[in-house]
Structures are given as structure tokens and as C-alpha cells.
Amino acid sequence: MEISKKAATLLPKPFYVLSQALNLSNKDHTKWWYSTAPMFATMMAGAGYDVHAQYKFLCIHREVIIPALGPYPEKGQPMHWKSHLTRFGLPFELSFNYSKSLLRFAFEPLGSLTGTKDDPFNTQAIRPVLQDLKAMVPGLDLEWFDHFTKALVVSEEEARTLLDRDIEIPVFKTQNKLAADLEPSGDIVLKTYIYPRIKSIATGTPKERLMFDAIKAADKFGKVATPLAILEEFIAERAPTLLGHFLSCDLVKPSESRIKVYCMERQLDLASIEGIWTLNGRRNDPETLDGLDALRELWQLLPVTEGLCPLPNCFYEPGTSPQEQLPFIINFTLSPKSALPEPQIYFPAFGQNDKTIAEGLATFFESRGWGGLAKSYPADLASYYPDVDLQTANHLQAWISFSYKGKKPYMSVYLHTFEAFSAAAQEVAMCHDGHNP
């Protein structure tokens, strides 16, 4: 059956071809495909990815990622598992680096036992997915994954103890997730993110201490001892508003991997963010100060409710568009090449007006002379969700990351990735099933 010309002009050819060629017999897999693949395909095509890379990444998405996303969320039905990845508990998210025209995705692998008494904190689903990816990603190395998982993820014995003692567990239970940088040429770099919250509750050890001790144990030759010591000192200075949150590392051999410590900052004002950017004055080189000027400019363009921000303690239902102010997230890269930890600032966009944010980003991108998808950002965002009014929506953009490298801003936008292009995708799905659109 032919697809209408209208739908055919909306979505890239690789999406259509694979929708016809891939096995879409599983109901949940099919729904995840038509919910996430159209936006995935559109962003790759718009960024000029090699067509072979587009097919490769979409095939990996269908064959490895989608089977690990669990049951598809249905309105009015309780979700199988709510992931800390998004405010809706959805386990998949796309992001785009507008400085490098680089697409990324992140997901929390879910399994059939996730959330049951046999795997109450979803610690078991991630390894089978990594084994599948190992066959597809040359250079994938699990040494640091194994190390940090053992140090920061709750063990089976600890999980049983938590349940047996009926200890109160927070709503955010995610232990780990995976992310991938997708190069336009077809190469992939995988990363893992590990959350020590439940381990901290089980052991009585603060999250920061768990992460710092795990890093010291991994850093056998003390290559990042200096920036780590400064980070420990800095976080202590910023207490109680700067809180340790989670840790990430690249899944490559340890000598080439980066370690990042993520924190939440509750004190939302420009002076607070300036202090984080300069590490309370420790970073004062010309590039840092140039980056500070750009950061101040971005601050003026994005909506922030200033003051002491409460920590989130709930998920929202998909299909809603709530208003809220989230804390900032900061990551600090620990590198042997720098004596100081290098901060990256994440502006919370979720809960703020999407049109205001999109226009602010467009102004900032234009002032930098960025082309490609940066040039068409507001129009592209609106096109992903044609049935959503940006003037009243607060949920299409989740985070905006900012750092400064090579004398220019380095920025990514993390986007709501659920039922984009819904009308066009539904038409393709109906044609695949043999129904008239």
C-alpha cells in the first residue's frame, strides 16, 4: 500500500524503508518504534548524517534499544517502571549538540523482572544490552562499568535488606543508564551513568563519599587525584545547596575514558552559577572568563525562577505539560590534562515555557553564527510536535547544557522524545499494517 505524499514529505526515507523491512510484530516494540524513530531519523537527516549511518543507527535502535524500553506507556495505565531519565519516567531521550551537529541518545534498559521482587531496583537489565552492543561497537570496554557498578549500585543482598526492613525508598530508583554519541560517519561512543542514591540508603554512606572513594579506587595511578581533591573541597564549600547526584564514564579502555561527577545546585541565581563556573575563583584563565561572559549572556536569554529551589519528588504523567523550576545540574570532568575539575552547566528547561526557551536559544545560536540545525532550531522544534502549541507548552525541552571549549560555547539540548510526528507516524503504521490511512 502506498503512503500518502503528505506523509512522505514529512519523514526521512530511511524511516519508511525500515518501517517496511523490520520485524514489527511485537506490539510494544512497534509502538516504541513509531513513537521515537521518526524524530530520531529526522534529526539525523537534518544534520547531514551519512545515509549508511542513518540506517545503521536506526537498525540498532530497533534491534537493541527498543526491546530494552519495556512495555509501552498507555494512558490511564500504571507504568511498568519510571525512569529517572525524564520527568515523565520515560526511559528514552534524544539530545543534540548544536556546536558539533552531533546527535545523542540516552536510555535506561528495562527487563521483564524490572520493578519486581526479583529485581526491585532494576540492576539486572543493563548487562545483556551491553553484551548485545559489544558486538556492534568496536572498542567497547566494560572494566570501569564493572568497577563503578560494584561500588555504586545496590547489591542483591543490600536490595533484600532494604525490602525486608521496609526502609522508605525515594520515588527515583534508577541505578544506571546508558548513552551514546552518534558520529555522522557511523561511529559510536557509549557512556554509562550510575546513580548511588539507593546504595547510599543501603549503606548509610553519603553519595559524595561513595563516588569519591570509587573514583580513587579506579584511578590506580593517581592521574586525577589533584582535580578530585579540589572537587571534594569545592563541594564542601558549596554545601548545603550543591549536592552530589551521579557519576558517568566512557565505556572505552580506562586510559582513554573520562570521569564526570554530576551535582545538583539548588541556589538559583547568577552569582551562584558564576561561582560554580569559576570554582569560587580557582578558574580564572582567559578562556574561562570568555566562557563566563557567554554564560552570562545565556542566563539573560533563558527563564530561571531565582531563589532556593526545592528538590523534585515526583514524576508527571505523559501528556501533561506542568510548570516547575528544577535545580541546575552541574557536571565536573576529571582529567589528567587539567589540575582543576572542568564544569558543565545544565539549565533546566522542563517546566519552563518552550517558546521562550526556543527563542532564547535561537538568539544565542545566531549571535555565534551557527548554521545547520542551530539556525532552524525553533521551527524544527515546532515541526517535531505539530499538534503542540509552543506558546503554552512547558515540556518539549528538558535540559540545555553549556560549557566552553576551543574558545567557543559547547552546547546541547535534551528533548522530549515521545510520540513526535504522531500523525505522520500513525499513517505509516497503518500502511505497514495494510489499513487505509
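Each residue, glycine too, has its Cβ placed from N, Cα and C.
Going through R104, R127 against Swiss-Prot, the one listed in the substrate site together with K191, Y193, R258, K260, Y262, Q344, Y346, Y410, Y414 turns out to be R104. Within 10 Å of R104 (substrate binding site), as judged by C-alpha distances, no binding-site residues are found among H84, L85, Y195.
For Q344 (substrate binding site), applying a Cβ distance below 8 Å and a minimum sequence separation of six or more within one chain yields K260, I330, N331, F332, T333, S401, F402, S403, Y410.
Fewest other C-beta atoms within 10 angstroms, among the binding-site residues H84, R104, K260, are seen around R104.
Binding residues for substrate (R104, K191, Y193, R258, K260, Y262, Q344, Y346, Y410, Y414) extend across at most 21 Å, taking the greatest CA-CA distance. Taking the mean position of the Cβ atoms of H84, L85, E93, Y195 as the L-tryptophan site, the remaining same-chain residues with a Cβ inside 8 Å of that point are S83, T86, P91, A106, E108, T174, K177, Y193.
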